């Protein structure tokens, strides 16, 4: 029986499921899954608020798991699927871990370090280059984030309204 090769879309849907776990924990809904030889070796979702850890981004969580599974910090030939373009911190971790590719959904104009704001992954001064595939399920990934922030703004507005009515 031959091994099934899963598509970028398949793995991005898995990352979106993880992003929804972040939403359920009231974290910014970003999910990441790390794949090596068609097998999940790490996964994560944003958890900086709950963990009181500014580095607990989805990508970092997945890379940490991958290192433990592979018993090596070098994750050569691994592919990281993430619902949002990585930030500078996460892009740096990808370079240090030596992953081969990052596949992301939505671009991040404010903090994206894989081409939107800057391109850390292809910077000529870096000792490793990470291939980039972007736009996989981009609209769905962006909609999840937009819906989350819309909900948060509505909650804040309702809290302010409730507070002003008690004053």
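Just so you know, glycine gets a Cβ as well, placed from its N, Cα and C.
Swiss-Prot lists 87, 90 as Zn(2+)-binding residues, and of the candidates 57, 122 the one it assigns to that same site is 57.
Close to residue 59 (active site, proton donor) in the fold, though at least 6 residues off in sequence, lie 32, 44, 80, 82, 86, 90, 93, 94, each with a CB less than 8 Å from its CB. There are 27 other CB atoms within 10 A of the CB of residue 57 (Zn(2+) binding site), with all protein chains counted. Within 10 Å of the Cβ of residue 90 (Zn(2+) binding site) there are 27 other Cβ atoms, across all protein chains. The DSSP breakdown of the domain 'CMP/dCMP-type deaminase' (6-117) into helical (H, G, I), extended (E, B) and coil residues amounts to 44 helix, 26 strand, 42 coil.
Its own atom aside, the Cβ of residue 87 (Zn(2+) binding site) has 21 Cβ atoms within 10 angstroms in the protein chains shown.
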